[in-house]
C-alpha cells in the first residue's frame, strides 16, 4: 500500500482550488410573444439597445427597432418561418455591421455584404457599422473637382462634383438607371470606386445591370449591393446604408467613390411597411414621421473630405421614381431638399426621341461651375441660355405663322443644339470631345448643316480630332483650358469635316 502524505494531499487540493475559475455567462434573453409579416414582438429583453441585433432559436437575425414599455418590436432579416410563439430570443450586444475590404470590388453582395455571385467569400480587412456618423463640418471641404458623367447635357449644364449629392428623378422607364450606369462606365481609368445599390428591384434587372458593367469592363472597380423585390423589407431598408458603409471604407482611405441608390422610393416604401406593422403613427401618405431622417442621414454621409482626413470623397446619385411627373409628392420633395441639385428626366421628352430625356429647365446643380474644368466653363455658359430661349420661341412659334429671319435662325440654331445633346446609351463622351461638340454648336458652325446630318457631322468631327489632331485633346486634358492654339486646331478640324460634308 502506498504511503500518502497528508501535506501532499493538501497541496494538490490547494493547486486545484487555485486553478478553478468560475465562468459566468450573462445573456439577455427574451420570449417571442407574436410573430408574422416580418415582425416579431418580444417580451423580457430589458437591456436591449435601439438597433441591436437579436438572434432567434432558428438562427434568424432581427433588429430591435421599437423599444416599448412592455415589449420590443423586432424586424426580421430573414423568412423567420421556424420562429414560434414562446421561443427564446437572445440579444447579441452588437449593432448591425458588415465586413469591408478591397476584395469586394467586382462582387455582387446582399445587404449584409454576403456574396450572391457564387464566387466564394471575399477576404475582408475589417468591419464597419452599417449606420455611422457623417463627417462633421470641419472634416469637409467644398466640392471643387468634377466627376465627369460622360453625358454632354449633364457635364455642360448640370455639372456634378466629387462629394456632391445629385438626385436623378423621373417617371418609370425614362432612363434614370441608364444615366447612373453611364456615369459608372465613364469612371474607367479615373481611379473612382463605384457602388451600385439595387433596392427592391427584379432579379432580372439586377442581372442585366451586372452584365452591362461586365461588358463595358466596369465591374472591376464596382461593387453591386442587391436587395431584390422578394427580399424582406428589412433588407431593402438597410441596403443603402450597406452601400454607404462600403463606400466609406474607400473614402477614408483617400479614394474617390461614387454611390448610386436605385431607388430610394422603394426604400421609403419598405420603411413605411415596417413602421406600419410596428404600429408607429402614420403621417403624410402613410409614411412615418421620421422618413425625412431616413434619407437625410444616408445622404449626409456623402462628402469631400479635407486633406487631413485623406481628401477622399463620396458622391451620391440617389434615384427617385415619380408618379405622372409629380415632383411635389412627399418623398420627391424630401430628397430634393436634401440633395445639391436634381436631374429631371421627362417622359414626354423620352417619348419624342430626345435621349437622355433631361429637362434642362427644371434640372439644376447647386454646386454649379465649381465642378467644371475651365474649358467647359468657357463654352457651356451660353448653352443653357440659348436652349431656354429656344424652348420659349418654339412654344411661341406654334401659334405664329410668319416669323422674321432672326427668329427663324434662332429656332434653327436651337434645334441643332438639342440634336448635339442626344446620346446613345453606354457611350459616354470624354470631356475634351464634349467641349468641341458644344463649341461647334454655340458658335454657329452647324447652322448650315442639315438637321438630319448633325449627329453624323459630330461623329466625323470627334473622329477627326482623335485621329488627325490628338494634340487638341491632350492640350485640354493637361491644361484644363481651351487655349488659343487648341481653338485654332478645333476650327481647322471643323473646316476639314465641313469640306468632306459639302462634297
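Glycine is no exception: its Cβ is also placed from the backbone N, Cα and C atoms.
Annotated in Swiss-Prot:
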BINDING   170, 171, 172, 173, 174, 175, 176, 177  ATP binding site
SITE      363  site 'Required for activity'
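This view paints the features noted in Swiss-Prot onto the structure.
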residue	record	contacts (Cβ under 8 Å, 6+ apart)
170	ATP binding site	176, 321, 322, 325, 344, 345, 346, 347, 357
171	ATP binding site	321, 322, 323, 324, 325, 345, 347
172	ATP binding site	321
173	ATP binding site	347, 350
174	ATP binding site	345, 346, 347, 350, 357
175	ATP binding site	345, 350, 355, 356, 357, 425
177	ATP binding site	209, 262, 319
363	site 'Required for activity'	157, 158, 341, 342, 343, 344
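According to its DSSP assignment, residue 176 (ATP binding site) is helical. Other residues of the same chain near the ATP site, with their Cβ within 8 Å of the Cβ centroid of 170, 171, 172, 173, 174, 175, 176, 177, are 321, 345, 347, 350. Cβ neighbours within 10 Å of residue 176 (ATP binding site), excluding its own Cβ and spanning all shown chains: 25.
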